[in-house]
Structure formats: structure tokens, C-alpha cells
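Among the features that TrEMBL reports, compositional bias 'Basic and acidic residues' is placed at 19-34. Sequence annotations record features per position, and here TrEMBL assigns region 'Disordered' to 1-34. Residues annotated as transmembrane segment in TrEMBL: 50-71, 182-200, 266-284, 296-327, 348-368, 420-443, 487-509, 521-540.
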């Protein structure tokens, strides 16, 4: 029965493809004959439109990549720096990613380099890790292969090749957004406006300025390509060849996205929820939606196998939802008929899918051993006020700016660029139109096969409905966590640009207003050209001089104290030395010197999180003996204290590292609403600088400058005062 059902489905899809391929030319020929145009003329016109649109999309992407490269050069003076000074510009986790790229290039062979990464015991003391799995190093593997296979060793330096790939991917990102807006609106003017808004709001659309090697900068361009292909795939009356192309592109980009980013399955889960709602209200072809579900399933299974049996993918909410949707598919047989029974089945279907998905996810987490992202669930509990904690790591995460609610400045910037007002306008019109369509479906009115401009029913287009739901879900997350704005704002640019350039959206609005004085179709066509042109000119006048100033202004990023520290380590420290300090600094030390460290700025491993918390105790009010025991338990030989953390004066008093440590260690006393720090020991990072017993018994200062103090951890201890 299953094989016959699958054969019927393939037969129906082939029939739909052939019917659409036959119907489309007939409809176009009728329209052309009415307008007195020959088919040859129309073919040339369509080709010219496609050619210039593709040219504009590719040019936009290339110009954005060149813009990023130029801005990066002006900001860091990259070409005039020594290798050490260049590497210092990679901060935090970015330094770790690039350090593994360097190690791959230094390896005698690619196979040996991969083996050393998967059995890495030269990065973190007393710990062997599979760096490829734990840090999702597939971008570095690909970059190193391309660098060596292309023979670029004699042409370009490794660092330029690496950041060049990332900037190139950002160009693809912009091109994909351009194409998505173009496909939705039918005019590449929308794509140009999307790119303009994206670049103007670069502070809120991308983190490329702050963290070039971060995983999202590698992964999100592939997700943008997937969204562009999915937009085309969901369209009605798509010819067979275009549908196959979109399907294959969705396949390839989804799988690549899963391999590039450890949190990709969460973003795909949000997309799957959007498709589930789209299908539940019978606003899209069920066969197409379920094909996308199969792509998710395939990507998760292949990702699980190639990511060294990554259990996080098996317990992901995406897998549970997709399996539940496939198991519940049998209930959808009669749902699209306008009967009372079908409405009951629709309610049962939604309830069944949610119940099965939650139950399945619970069972998977019960039987599959996993530690991945447990801290994420704890964080959500505390963030939502369901729990309180004194845990240092949890409170430190809660204090991060990216995990706070978005500031007023964020909304002010989007408003000043006119993006937010037009997005809200477009969203309201689309949302009301979608609500009307859903109400008609409930009342039993079927969807139109082809929606014409004069109908004013933009909410009947499945790709539009999908994007409306998708941006609303992403927007809800962005309202809770500022870091999520980098996922939401690019699609705000795309949806707003599509709306103002779409005659259908204006026609939908005029249908509600019931215009009689002016022909609504003509007015819609005029506004779809006039409004984006006016917006474009105003953006050009206000923001283009600022962008050019950014590119012509020479900025200076120079950190002489860090350069001196790294130089001293490379010249004076023994090769077998292990350094301890803040995780962010340890990442830079690992990159610039290659020496082993006791911790790293990674937050997806419970053991590393505990290490980070323990080593941060050097900034707490604990005894010299306690700190000595902690550091020697990780076989550390040198301790680096940062003056910026020890004497930190943060804008939020309770979010300084030393304040969080005092809370976690119980060194805070509350009296009459005021908090007082209390301990019988002074703050370690202050006391050790005084050079008196017992601190000098355990630690010997070997180097210092304005920002850093380096101490050797004594192996033979003298307890004489």
C-alpha cells in the first residue's frame, strides 16, 4: 500500500508539472495576443529582465563583499600589520576557530591534521577533545582544503584567504536576500532596496564587524540561500524545471547549513513551525511541505552520522516535530474539503502533532544520553523567571548584552532608516490579508488557482504567508534576546522591500479602502515604483555620505600591551607551559603562541563551563591557598591577571565579573536594600600584587605591563613569612 501511495504521489506531481508547463505558455499567449505582442518579443523581454536582475543581484553581493574588505582594512590596517598584530584582532571564540585553521595548514597532510583535531590533547590541559565535533570546525576544514588545493600558498597569505571566504559568503548572503525579495515582488527594484537597508542597518543585521570567524557568519548565508529556494519552491504554478531546481537547492543548502552551525537545527525548527502552520490552514500544497520535512529528516540523519554521532541532533525539537508531522499525515486526507468533519480533523491534527512531538522529544531525551545544551534550558528557565540561581556561569550569561532585551537604540536606528515603519505597514497588510484567507477557508471557500493583481488577495500566496509567519516568530525571539536580531533584521529588510515594491500589496490595501476616484490597479503600479524610488533617494542622500566616510576614515586598532604579552610568552615561556586566566584571553594566547591553556571561551560543554568558573576565582575574595589548589589541579604553570577585569567599572554594578563571583561564593551581605561584599580574604587579584606572604609563597611575578600581570605558579612552596 505504501509503495502504491508513493507511486500515486509521484504520478500526481508529474501530472501537476506537465499541466503547469502546458498551462503557463497558453495563458501567456492569450495575454500577449490581447496586448498585441508577439511571443518572440515577450521572450526577449523576459530574458532581458532576468539577465539584468541576476546581474544586479550578483553585483550587489560582490560590492558588499568589497565594501566589507575595504572597511576591515581601514579599521585594522591589516596590510601594514605583522602576523601577530593581525591575529590579536581575532578575539574570544574567533581566535580559537582561526587557531585550528592554522594548525590544519601546518600539518604534514590534511588527513594528519584532521586526526590531530579529532584527538586534540594540545589545546586544553588534562583534556582530550574532538575539536571538529565540539566546535563545528567544518568551515576550517573546507577553507584549508581550498587553500591548499587551489595552490594559493604562493599567491595569498592564509589569513587573507580565510577572511576573504567569509566576506565572499556575506556577499552570497546579500545576493540571496536580493533574490528572495525579487521572487516575491516580481521586480529586482525590491532586491536593490533590500540590499540598501541591509547595509545601512549593518550594526543590526550582521556581527561580521566584531567576529569574522563566528559560526553564524559561515552558516547564515546558506540559510539565506535555502530561504530563497524555499520561497520559489512554495510558489503556485511553478514550471517543472524551476521547481526541481528550487528543490535541489533547498536540499543542498539545508544540509550545508546543518553542518556549519551547531545551533542550526533550532532555526530550522522555527522554519518547520512556520511551514506546519502554513499547511495546517491549507494555504500551501501539502506534497511540497512534506517534501521539505523529508529534507529536514535527511539533513539531520546525515548530519548525525558525519558529526561523529552528534546526539544533540537526535534530541532536537526539529526531529521530534518532523517525525510527528509525518506520523500524523494520514489525518490530512480530507482536511482540505470544506466540511464540518474536515474542520474537526484540522483541530485534531494540530493537537495530535503537538502532543506526539512533545512526547517523542521527552522519550528521546530519556533514552539517548546527551549533555548538549542542558545549560541552554537552565538559562531559559532563569530568563523567564521560572527559577533563580546564584550560579556564576548562568548569571554571567544573563548579563551578556546579546542575551538582554533589545535596547531603545535598536528600534531608533531601524526607524531612522525608515525600515521599521515600512515593515510594520507591510506586516499589518499581509497579516490582515492572511487572516481573511484563513477565515474564507474555514467558511468553505476554496483558494484561487491563480491570483491576479486586480483580486487584491496577497494573503493567498503561500510564499508570502510563510514569510509573514517566519518573521513574526523570529521577531518574538528578537524582542526577548538582542542577539536574535541578527536573524530577524535581514528578513525585516527583505519583507519591507518586497511590500513597498509589490503592486499586489498596494492593491490589497486599495481593495479594503474601496477606491473609486482613481483606478486602483493603475495607482498600485505607480506606487510600487514611486515609493521605493523615493525611499532609495532619501537613503542615498542621508546614508551614502556616512558609508563613504567609514571607508575613507583611517581608524586605528592597536593593543601594544597584548602584543608585548604574546611576544614575552613566545620568547620566555617553556614550550610545555600551561597558562591560566580569563577564557577570552586564553583563546588569544592559544592562537598567537600555540601554548596550551587551561580554559577556552566555549559554552557548549559542562566541563569547560566549570573550568571557566573555577579559574575566574582569581578575581574573587578567596585565599591564596584555594587559588593555588584550583590552578594546580589543571596543571597550570603560569597565571595571567588582567587589570581590566580586576579593576572593572561596569555600567551595571551587579554584572561585573567580581560581583558575580561574590554572589556565587556567598560573599554578599544584604542590609536595608544595599549589598555589601564580605570575606575574611581580600580580592585575590589585588592582594597578589602586594608581594607579601602567603601570596609570594605560591606565586612569583615574572612579567607585567599596564594591562597584564604574569605569575609563575611555584612547584616548591616556602611557607616562611
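In case you wondered, yes, glycine gets a Cβ from its N, Cα and C as well.
TrEMBL does not curate its annotations; it predicts them automatically.
Listed by sequence, the residues of this chain that lie at least six past the ends of the transmembrane segment (266-284) yet keep a Cβ under 8 A from its Cβ atoms are 223, 227, 230, 234, 254, 257-258, 292-293, 296, 299, 316-318, 321-322, 325, 332, 335-336, 346, 349-350, 353, 434, 437-438, 441, 447, 460, 462, 465-466, 469-470, 473-474, 477, 487. Below 8 angstroms of C-beta separation, residues 118, 130, 132-133, 136, 251, 254-255, 257-259, 262, 265-266, 268-269, 272-273, 276, 290, 352-354, 356-358, 360-361, 364-365, 368-370, 372-373 of the same chain, each at least six residues beyond the ends of the transmembrane segment (296-327), sit close to that stretch. Of the ranges 50-71, 182-200, 348-368, 487-509, 521-540, the one with the most Cβ pairs under 8 Å to the transmembrane segment (420-443) is 487-509.
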